[in-house]
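Input: a single structure, listed below in structure tokens.
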């Protein structure tokens, strides 16, 4: 049964009730946490003690010599002999709180026990005025929320007391009362920033005045301890906020839309002191001008914290580098990936999010103004700047100079840095210090051997079944990966290590050690406790006769392990492995570039052939034009004459006597033909491709049907460059037909023809 109060014994009771599977999961998880998460190593040692692995627990506690709490655990629970009397360390309560925090994250205890542990630590540190109280308060606030600091004995309710300072004679006007130093600090609460009850929404503004003397405001530690002080001179970015006027519920305090709220009358029944008045200017302040301090009249002093002159974004609320605060899932080592994949991983608990400094319209408890802030910009006088939470201001995001200093868009609602670009998941295999090759029936022995070697100081080990034997992949490919990505190959010699696959693994391992440069003596035959030399087959024994066995039965087994797996040799082989991987990547990249180069060369050759054929075609067309010009009648202009370039449409067409030149059809002039045939609006004209009669032709007699004479011909469309004229010589009659209409024209017989007939 777990203890009711937060203590180390209570944490041990919680671990005892968790179960064997959960403790094994915690063992592998806590071992891989980064050093920034304090309390993980202590809890890891406690888990080892609960699992009965006292030797490993003592090794872990021995590594924490500087931790007094770890030494206390070693003396009381690990059975470490010590002549000194166990004394309770001063930071025991803090260490217990961190342990309970990790237990809460693993769903082993409720969050109320973690809060109680942090409250006990805060009370202990506050009672002796410890210098680390500020850091403890920040950690408790980040992990347990704001309320964990509200019910401590040393923190009082912040109120406006009329007896501390003489009331100001100034009324609600544009004048500002002179600041006076606070002489007696006993009647005042601890110097802290102010916020509304139950919501940290006032973090964006450093000051918030209570609505009435009867409403308690929780004081939250937001700066280092020290006497409260009034600002001697107005800071460029420190501006008090106006108090809500004439109502019990607070109004929008970050950006008031106008000055009407400041001029509203005060309720007569309100017993509170005089309220300040915020004055605004007619024109907004320039972004380059520093904001001024508003002229207010107050009956009580308020605390001002030092802030930088330039407006900055809210800093990060936490300095803790623990994994929980970073809100990133715990990444386990490669050696425990396969083990943890088989175990049901508990869901990642939710982490308290930092509340926005300026609440949005949908979530803010304050009523939104009827007029948007863009329509009525407020001068920088009445706008408060977010305070500095720590003594050293963190790096803030640059503010655009075009943004107005009083516009809500110029201030981020949450200090949310730009997320880094997503890193591409690397397909590179991890390098292991050793890999255990075993038969399929010896998986449990291989896992035990790996844990034994890791406990002796040889970290980053692997087993063939756990890290390389991927389902769906070839067995030989998995074996080659194990040989390529490990410093030592351990052959687990048992009675089952006698099949053909095991013999093949042995042969491949020996050949790799002989042919791979720098990997000599990398094959280690391992004789576990579950086996003996008599159980080995003759073929295996004869094959490994020339190698020295690593016998787990030996009394100097630990020393042999230390001499075999030397850190210098492991680092050297990892460096060589890294060079091999880089060389392999360069070879693959060069092969890809060569393939792309050949592809580009093929495209270039194809394009060159196309250009060559096009130029040959163009030359042939020009020759045909020159030959065609020799057969044209004198005075007839070629559509593709020597004056124009290739593809230039003709300037004019020869026309029939008494007729207008015909227009091109729409589909020849660049316009697509209609979907449905359209009836002709006018009588069709002969296309320009038909030959024109020579000038010697006469008009036909009146008896012959003549084509209609159109008074207004449609405008000529752009001529197609592909049309060629048809030339007819020595014809007495020419008949033309277009769209089911035909007409003809007769001419006089040529003189040479008459001569021939006479003869």
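Cβ coordinates come from backbone N, Cα and C, glycine included.
The model shown is predicted, which means the values in this text are computed figures rather than measured ones.
Among the ranges 240-247, 248-255, 256-263, the one that Swiss-Prot lists as motif 'TRAF6-binding' is 248-255. Your range for motif 'pLxIS motif', going by Swiss-Prot and the list 195-198, 199-202, 203-206, 207-210, is 207-210. Swiss-Prot assigns the feature motif 'TRAF6-binding' to one of the listed ranges (299-309, 310-320, 321-331, 332-342), namely 299-309.
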